[in-house]
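Report on the following structure.
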Amino acid sequence: MEWVRGETIGFGTFSTVSTATKSRNSGDFPALIAVKSTDAYGAASLSNEKSVLDSLGDCPEIIRCYGEDSTVENGEEMHNLLLEYASRGSLASYMKKLGGEGLPESTVRRHTGSVLRGLRHIHAKGFAHCDIKLANILLFNDGSVKIADFGLAMRVDGDLTALRKSVEIRGTPLYMAPECVNDNEYGSAADVWALGCAVVEMFSGKTAWSVKEGSHFMSLLIRIGVGDELPKIPEMLSEEGKDFLSKCFVKDPAKRWTAEMLLNHSFVTIDLEDDHRENFVVKVKDEDKVLMSPKCPFEFDDWDSFTLDSNPSFDSPVERLGSLVSGSIPDWSVGGSWLTVR
């Protein structure tokens with residue numbers, strides 16, 4: 001498979017995303033694609049993403065992978081993942097251009113349904129995405145969206161959960177479910193919680209959790225994992241939307257609705273005759289160029305995805321969280337933005 005690298009359109013901690021065009025007679029894939037490239041430091045994450053995408057197969061709501069390749073650039077071996085190109089970038093990039101405004105509820109309903117169909121496919125194949133957020137939902141010219149960035153995705157057990165033996169924080173704090181913080185439990189239910197956070201953000205233009213500038217991200221994890229506090233549901237959202245989110249924001253993952261169940265909820269099944277993709281597309285000016293996810297982490301105002309490992313195990317969430325906020329961990333307050341650490 002031969003291709004020619006184009007301009008750089010985004011950066012991750014260990015990876016760079018570029019456009020690319022195919023050479024003549026180089027296989028059956030689009031003329032314009034996206035290439036995620038990394039050196040040896042990010043090879044494991046890229047390899048995991050390729051393996052997961054291969055296992056998932058084709059799904060209209062999941063970004064397509066056309067293969068992988070290795071190149072030598074400036075004397076260094078690069079690992080490349082050839083992906084479907086999303087011309088409008090991520091929903092996070094798009095909403096940033098709206099200046100804090102949310103999307104129309106009809107658009108939120110449609111995007112939510114698309115992500116749910118993607119999650120249903122992911123979960124049915126025995127995987128959890130582990131990092132659902134607006135930055136990992138890509139937008140196309142026709143207004144459709146697809147789930148992307150499977151670098152943190154993992155295969156789960158038969159009950160659709162996976163338990164890590166080490167003390168690990170995995171994903172993006174603002175989207176983490178209580179069981180991820182308390183029990184190292186990652187699975188389909190955690191993806192549903194994260195989707196609820198994404199729905200709040202799409203509708204309101206604000207994150208589901210309010211955090212003060214300069215606060216330690218571990219203080220947010222304590223709010224998520226300890227006590228009864230839940231993400232705030234927007235007051236202006238319809239009753240169907242509020243009820244939908246109440247099914248996502250259930251502390252007990254066993255009682256949280258599944259993607260399959262939520263696809264039958266009236267919030268996404270309601271028939272809106274005037275809801276056409278064209279109505280959404282015209283809101284984006286042709287000259288507006290948005291970055292494809294993953295974009296430069298220094299452009300995020302919120303904490304980005306990462307993994308943080310420790311060794312001991314603890315008997316209670318309070319003990320575990322206490323260890324995580326100890327003095328051994330630097331105070332990475334929100335003075336800037338967060339890097340993806342995988």
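Even glycines carry a Cβ here, placed using N, Cα and C.
A mean pLDDT of 91 is what the model gives for the domain 'Protein kinase' (3-268). Summarising the annotation, Swiss-Prot assigns domain 'Protein kinase' to 3-268.
Sequence annotations record features per position, and here Swiss-Prot assigns ATP binding site to Ile9, Gly10, Phe11, Gly12, Thr13, Phe14, Ser15, Thr16, Val17, Lys36.
Taken from Swiss-Prot, the feature phosphoserine covers Ser18 (among others). Taken residue by residue with DSSP, Ser18 (phosphoserine) is part of a strand.
Feature annotation from Swiss-Prot assigns phosphothreonine to Thr19; the stated evidence is experimental evidence.
A sphere of 10 angstroms centred on the C-beta of Tyr41 (phosphotyrosine) encloses 11 other C-beta atoms. Look at Tyr41 (phosphotyrosine): DSSP puts it in a helix. The phosphotyrosine feature in Swiss-Prot is assigned to Tyr41 (among others); the stated evidence is experimental evidence.
DSSP gives Tyr66 (phosphotyrosine) a strand state. Positions annotated as phosphotyrosine by Swiss-Prot: Tyr66 (among others).
The phosphoserine annotation in Swiss-Prot covers Ser93 (among others). There are 23 other CB atoms within 10 A of the CB of Ser93 (phosphoserine), with all protein chains counted.
Neighbour density for Ser114 (phosphoserine): within 10 A of its CB lie 19 other CB atoms from the protein chains shown. Classification of Ser114 (phosphoserine) by DSSP places it within a helix. For Ser114 (among others), the entry in Swiss-Prot reads phosphoserine, with the evidence type experimental evidence.
Swiss-Prot lists Asp131 with the feature active site, proton acceptor, giving sequence analysis as the kind of evidence.
For 285-342, the entry in Swiss-Prot reads region 'Required for MKK3 binding', with the evidence type experimental evidence.
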Alpha-carbon distance [Thr19 (phosphothreonine); Phe11 (ATP binding site)] in Å: 12
For Tyr41 (phosphotyrosine), the one of Ser15, Ser18, Tyr66, Asp131 that lies nearest, given that the recorded positions are compared by Cα: Ser15
Ser93 (phosphoserine) in three-state DSSP notation: helix
